[in-house]
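Everything below concerns the one structure shown next.
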Amino acid sequence: MKDNILSALKEKISRQNWESWFLDFNVKKIEDKHVVFEVGNIFIKDRLEQKFSKIISKVVKESLGKDATFEIVYKEIDITQENEEKGPLVRKRPLLITPLNPKYTFENFVVGNFNRFAYNVFLEASKKPGYYNPIFLYSGVGLGKTHLAQALGNFLLENDPDLKVAYLTSEDFMNEMFYAIKNGTTEEFREKYRKKADILIIDDIQFLIGIKSAQVELFHTFNAIHEAGKQIIICSDRTPQELKDFHSRMISRFQMGLLVKIENPTKEDLFKIGKKISKLKGVEINDEIIDYISSIYDNPRLIHGAILKLIAYKNLYGSLNLSIAQSILTNPSKPPKALEEKLIEILSDIFECSPEEILSSKRTKNISYARKVGMYYAAKKLNLSTRDVGKVFNKSHSSVVQNISQVEKLIKEGNIIIKNYLKQIDKATKNFAQGESI
């Protein structure tokens, strides 16, 4: 009977749809007049229920009677269990073509109704890279696209360090292309992504709007990677159709795979995100404050920034209540100036150099020290991510990581000069924070 049902269903489904959605579709069991179908993942389950439920129901009723029913189940993936079963292994060093932020993982991604579908798609793609290809992920600003995309890259590297993952923004791609053209290294640039990359993740694709030369280069890169069966992830703040001035052939490439949307989160979703962030940072912020934050901000990125600002205050003073939180976040007479923005001015005073010099590429001793110590302080005391530290200091991610590492080494060696500088910064920052909270 199982084979009969599948054969009857196959006759009613086009070849293209069958090969796209039904290759892992099986009859798990038949109980009385109820058929349980099984598929490989929740993504396929959702698609089958949305697009083919009427056809499946018709075949089941024709085979078992008018009162016959069916359901579709999927094999769940348990990342934790799988990692435990593998046990401790000696890992090779990942072969990163471009850096990933190790803080972006599936485990610390807060899942709600607004992003559950996107989360499940990326989780499944991590198990079968290249199976859903390309994946075009879009949403409003600050809803978790970058987190999901990098979580996929980190997961793949964790399970196969030999993979070569390339993560970059479209602006990075464009700048690297122009640099290659200027320096006569175009072939090396093309080989880096077309031949060496196993996974290509392009973030903020909308920044290539109107840049025809970069679009052409990306088109050929896309084709080379896709034809090799390697995974491509495209992230955008809009749908492919809304990418105005993009060449139609590029848009058609984006549409040939999965279009995945992250919806707008509810207040309940934002509250969960706030709780998760404070937990991950190891700082307890009471529910009353988090509830307030989730009522005034409408996306996870703003929630994250608000939580970090309050954590910085709590680390400095040891206490935090709703009144103080409201003052820090919504002072109407004096917009709160983030500590990280003030940090450059503090460094300028302590190291006797201008803010412009700190943000420049100059490497004189006092400027270099100001930059290194400032990056360390921003990351360790103000809880900024290395990516955000890079934005504050106008430096690349790799440069930030290197400078922080150098300061950590000096501290471990007992360098008194560095420790004194950190104390001065700490004192100045506390004075500034006190002024902001009044």
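Glycine is no exception: its Cβ is also placed from the backbone N, Cα and C atoms.
Here Swiss-Prot flags Gly142, Gly144, Lys145, Thr146 as ATP binding site. Look at Swiss-Prot and you will find 1-68 tagged as region 'Domain I, interacts with DnaA modulators'. Sequence annotations record features per position, and here Swiss-Prot assigns region 'Domain II' to 68-98 based on sequence analysis. The region 'Domain III, AAA+ region' annotation in Swiss-Prot covers 99-314. According to Swiss-Prot, the region 'Domain IV, binds dsDNA' annotation covers 315-438.
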Those residues of the chain, 6+ apart, with a Cβ under 8 Å from that of Gly142 (ATP binding site): Asn299, Pro300, Arg301, Leu302
Env. residues of ATP site, Cβ within 8 Å of mean position of Gly142, Gly144, Lys145, Thr146 Cβ: Ser139, Val141, Leu143, His147, Leu148, Cys235, Ile262, Pro300, Arg301
Other CB atoms within 10 A, centred on Lys145 (ATP binding site): 24
Per DSSP, three-state class assigned to Thr146 (ATP binding site): helix
Among Gly144, Thr146 [binding-site residues], residue with fewest other Cβ within 10 Å: Thr146
